[in-house]
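Student: I have a structure I would like to understand better, so I am pasting it below and will then ask my questions one at a time.
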Amino acid sequence: MTNIRKTHPLMKIINSSFIDLPAPSNISSWWNFGSLLGVCLIIQILTGLFLAMHYTSDTMTAFSSVTHICRDVNYGWLIRYLHANGASMFFICLFLHVGRGLYYGSYMFLETWNIGVLLLFAVMATAFMGYVLPWGQMSFWGATVITNLLSAIPYIGSDLVQWIWGGFSVDKATLTRFFAFHFILPFIIAALAGVHLLFLHETGSNNPSGLSSDADKIPFHPYYTIKDILGVLLLILVLTSLVLFSPDLLGDPDNYTPANPLNTPPHIKPEWYFLFAYAILRSIPNKLGGVLALVLSILILAFIPLLHTSKQRSMMFRPFSQCLFWILVADLITLTWIGGQPVEHPFIIIGQLASILYFLLILVIMPITSLFENNLLKW
């Protein structure tokens with residue numbers, strides 16, 4: 001009798017995706033982040049669902065409903081901080097996952113990569129809208145500043161902003177619709193992640209060498225299921241440590257003050273995972289230019305496959321490209337630091353130089369270096 005795992009219509013999909021899937025024998029722990037992102041998404045959906053049971057999306061009661069969750073709901077504080085810090089873990093895994101893709105040339109799987117870029121945008125939109133929901137000072141002013149950026153779009157800008165607000169300022173209508181979108185988007189993300197996996201399994205995984213691994217495949221289970229479980233345990237260890245010891249480490253104290261449209265906080269800044277893009281936005285004096293740079297800072301990922309000039313896929317055997325990759329990482333860390341600093345000397349010029357370097361590295365320096373490496377190998 002044939003195994004039910006291979007014949008049942010539902011089971012065989014799971015089987016071919018997580019059990020009998022032929023996987024390269026040499027993929028390192030950098031390939032763990034896909035499963036970790038899946039775990040993060042599940043944690044966020046579950047904690048978010050329980051938070052939504054007690055949250056009210058009304059400007060008068062939103063802040064106090066979050067306080068009520070933390071004070072009166074059984075383990076409400078735990079659910080709330082798991083959700084808030086779970087978002088940070090989500091983005092750490094996302095950045096490492098994208099970094100892995102850039103380093104090892106995984107972007108050569110075009111459909112998988114482009115859906116990944118779309119997923120990144122969707123997760124960023126979800127996180128932004130989620131940050132507005134507690135209706136603290138930074139929630140309100142963050143929503144005001146970021147939505148206002150759309151007014152830079154010629155001709156339709158101001159109408160578009162008022163349409164998104166549902167009025168003439170960020171108010172009850174804005175909060176209600178942000179809650180609705182924040183609730184639905186994770187399910188769209190889950191569906192997109194399924195499509196992301198579907199396209200990945202059409203080609204099979206890449207591996208650190210960037211060479212074909214068809215000659216040497218091993219089954220996903222038990223080898224990579226065990227390996228992924230180790231990653232999940234480490235993720236849970238870091239997340240619970242963060243939640244139980246310093247839950248507000250990555251948050252902003254201003255968000256513990258209820259939203260007040262008449263009082264602007266001294267430094268309006270987003271959550272830490274948006275700071276690099278925020279620094280790029282602020283480094284351009286022109287409003288429309290800043291908005292374009294902000295969008296391009298993420299959208300540039302979609303153009304990476306077009307900028308691949310090397311004859312090799314991975315950076316494993318390309319020392320010059322490796323150096324540039326780590327300079328890019330350092331540049332992004334610098335931008336993240338600058339995004340959290342006030343707009344004054346010397347931070348302005350550092351931010352502008354780091355922003356220029358970011359685009360120069362990706363668009364010019366790395367492709368030229370790849371051509372140079374081809375010549376060194378007489379290719």
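Here the Cβ of each residue, glycine as well, is placed from N, Cα and C on the backbone.
Per Swiss-Prot, the feature heme b b562 binding site maps to HIS83, HIS182; the stated evidence is similarity to another entry. Annotation comment: Swiss-Prot describes HIS97, HIS196 as heme b b566 binding site. Taken from Swiss-Prot, the feature ubiquinone binding site applies to HIS201. Here Swiss-Prot flags 33-53, 77-98, 113-133, 178-198, 226-246, 288-308, 320-340, 347-367 as transmembrane segment, drawing on similarity to another entry.
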Student: Compare the Cα of HIS182 (heme b b562 binding site) against each of the binding-site residues HIS97, HIS196, HIS201 and report the nearest.
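Tutor: Spatially nearest to HIS182 (heme b b562 binding site) by Cα position is HIS196.
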Student: Fill in the CA-CA distance, HIS97 (heme b b566 binding site) to HIS83 (heme b b562 binding site), as an integer in Å.
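Tutor: Their Cα atoms are separated by 20 Å.
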Student: Give me the Cα-Cα distance between HIS196 (heme b b566 binding site) and HIS83 (heme b b562 binding site), rounded to a whole Å.
Tutor: 24
Student: How many Å lie between the Cα of HIS83 (heme b b562 binding site) and the Cα of the residue listed as 'ubiquinone binding site'?
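Tutor: With the alpha carbons as reference points, the distance is 30 Å.
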Student: Short question: most Cβ pairs under 8 Å with the transmembrane segment (77-98), which of 113-133, 178-198, 288-308, 320-340?
Tutor: 113-133
Student: Where does HIS182 (heme b b562 binding site) sit by DSSP, helix, strand or coil?
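Tutor: For HIS182 (heme b b562 binding site) - judged by DSSP and reduced to three states - the answer is helix.
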Student: Please identify the stretch among 178-198, 226-246, 320-340 with the greatest number of Cβ pairs below 8 Å relative to the transmembrane segment (347-367).
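Tutor: Answer, by Cβ pair count: 320-340.
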Student: Say we define neighbours as other CB atoms within 10 Å of the CB. Which of the binding-site residues HIS83, HIS182, HIS201 has the fewest?
Tutor: HIS201
